[in-house]
Amino acid sequence: MLPKQQKKIPVTAEIVDLDSSDDEGGQGAAAEFSNNVNKPSNNAKLQSKPPNAQAAVPSANNVNNRSLESRSFWKAGAYEIGPSKSTSFQGDLEHARVHPKFLHSNATSHKWAFGAIAELLDNAVDEIGSGATFVKVDRIYNAKDNSPALLFQDDGGGMDPEGIRKCMSLGYSSKTSNTTIGQYGNGFKTSTMRLGADVIVFSRAIQSGRATQSVGLLSYTFLRRTGQDDVIVPMVDFDISDHWAEPIIYSSKDDWSSNLNTILEWSPFASKDNLMLQFENIGSHGTKIIIYNLWLNDEGIYELNFDDDQEDIRLRDEANRGNPSKTHKRVLELQSHISYRIRFSLRAYASILYLRKFMNFKIILRGKPVQQLYIADDLKYSKAIMYRPTVGVASKEVMVETTIGFIKEAPALGVCGFNVYHKNRLIRPFWKVTADGSSKGHGVVGVLEANFIEPAHDKQDFERSSLFSKLEMRLKQMVMEYWKGHCHLIGHQPDGMNKSNLRNQSTVQPRDGDNMQKQSATDSHMHPVRPVIDLADDLQHQLPGQQTGTSRTSGSGKSPTVTGPVAGSAGEASLDGLSSRSIDQISEENIQLFNRCHEYIEKEVELKKTIEELENELEETRNKCARLSSHLESQRMQMITRQ
């Protein structure tokens, strides 16, 4: 990094974007950096080291009143911010400050620890294009206090000095490919700070024939205990083109040494030799990330559980829900299903995290490769359904294929929902679109890749848009249509049919007209648009009383007797009531109502947007009024003073 001049704001503030995932570290950028490393830049956001680095970085021993108030993540940001201690000097440029507290508040976008881990896995997967063949995730130990730490290591292209500075920058991302997962330039910072208070990054790269290795430290503990009011990220770089580590010095050797000493004091490595040993197993290119001072839960226990399974990492609070010894057998069976295990088992979650299976890449969790699971392969009676949403201003139509079917445990387990991916990455697992309390759709699971809607920043949900609402409605319709045509295959009875109906159907063949009526009534009942169901109910109430065991005359004049409650059932009555209406009329009305639902949803989205704009205008108007009131009051006081 480019150090700053004595007693001045850093010449190159590292807008520190900590990862090879948020930025691919373009080769063009590396070449430009190598030609301009000694050219100062005032594009400052975050500091690589404090002003007057040698004196301004107090040690932990000298600052006793700056300890972290809580090691629990959700409480770690609750502290008072003191007055700014930075001063500006003649010639300094005004710049937006980034307080260390922002690192914590920024990380709260990850409500779920596994969501943060998935971000770091995404970074490694994005490196497949740069030759990565694996990413290792494991538990190691902090050499200074023997506490557990979390390791991520890949053999991708790595980051050169310019790349690691971009990686450490907030919001910077050069990923423009449609195949890369990262896009917001924030994932590394949010994910690492969500898992632990501190992270150190080691990276080796070869760019334009120059081999380098770099170390960067993002430490919430360091920033808090030394009372910093700007995010300071010490980094050191080495040129290893000649097979030994030659320090890359941009300003002075003292500045470089100051950065190194800060890293040694606040990282798990107490000496330069121990620090350099971390590059030994990286090879000629790759990245190693070590997250330490891991967060605790509210009970003061590590949030990540490394002990219950030596081949897995578990979420302690999720895994301990319920008492297995007192849990019903059916509940235990449900908890053994992948839809439940992904809540607390990283191995289970990683197994379905990516839609397409890797050819030459492995996720190695605690020494054992993760076996990828394609959910659609385990579905019974599966079928493919095409969905063609219209997207974009130009009304471009895309095609999305959804695979839908019953889980192999159906009907014993009522697991259901859609696994929705975006650019190969799982965003919403087992998304239940049917109403709670309804048995329709039990056991029905689907898989699709929805690249036409945008994921939220934590990649655990989608942005709420009209396209998302339309997708939700279409998925509901898919479930209902599939259930109607396939539920009997797993022992469920179609609507309006009971066991007597099913038995009689095998011996009595109704007229063609009756078949059409039944199909029409079933279609209207199964359709997700409610008004059609209400119509059938109204017709049913208007019909005269039915008689059990009556007969109907067929077209040939013969009168087959229908035994049991078939003729007297409510379903039969409603079918007779609908006989005067053609199937085409009901279908047309159904389609019109469905389209009206879409229109109302779009209007609702537009109205919400209008309300938001009006609220913003109202807030601006209030601010203007407040300023004018303050100005008038000031003028009035001046006039009183003059008198």
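Cβ atoms here come from the backbone N, Cα and C positions, even for glycine.
For 1-61 (among others), the entry in TrEMBL reads region 'Disordered'.
Annotation comment: TrEMBL describes 16-25 as compositional bias 'Acidic residues'.
As annotated by TrEMBL, compositional bias 'Polar residues' applies to 33-51 (among others).
In the domain 'Morc S5' (344-483), the DSSP tally of helix, strand and coil residues is 28 helix, 50 strand, 62 coil. Residues or ranges marked as domain 'Morc S5' in TrEMBL: 344-483.
What TrEMBL records for 494-526 (among others) is region 'Disordered'.
If you look up TrEMBL, you'll see 498-509 (among others) marked as compositional bias 'Polar residues'.
Here TrEMBL flags 543-575 (among others) as region 'Disordered'.
For 544-561, the entry in TrEMBL reads compositional bias 'Low complexity'.
Beyond its flanks by at least six residues, the coiled coil (597-638) meets 465-466, 469-470, 473, 529 of its own chain at Cβ-Cβ distances under 8 Å. Look at TrEMBL and you will find 597-638 tagged as coiled coil.
Averaged across the coiled coil (597-638), pLDDT in this predicted model comes to 85.
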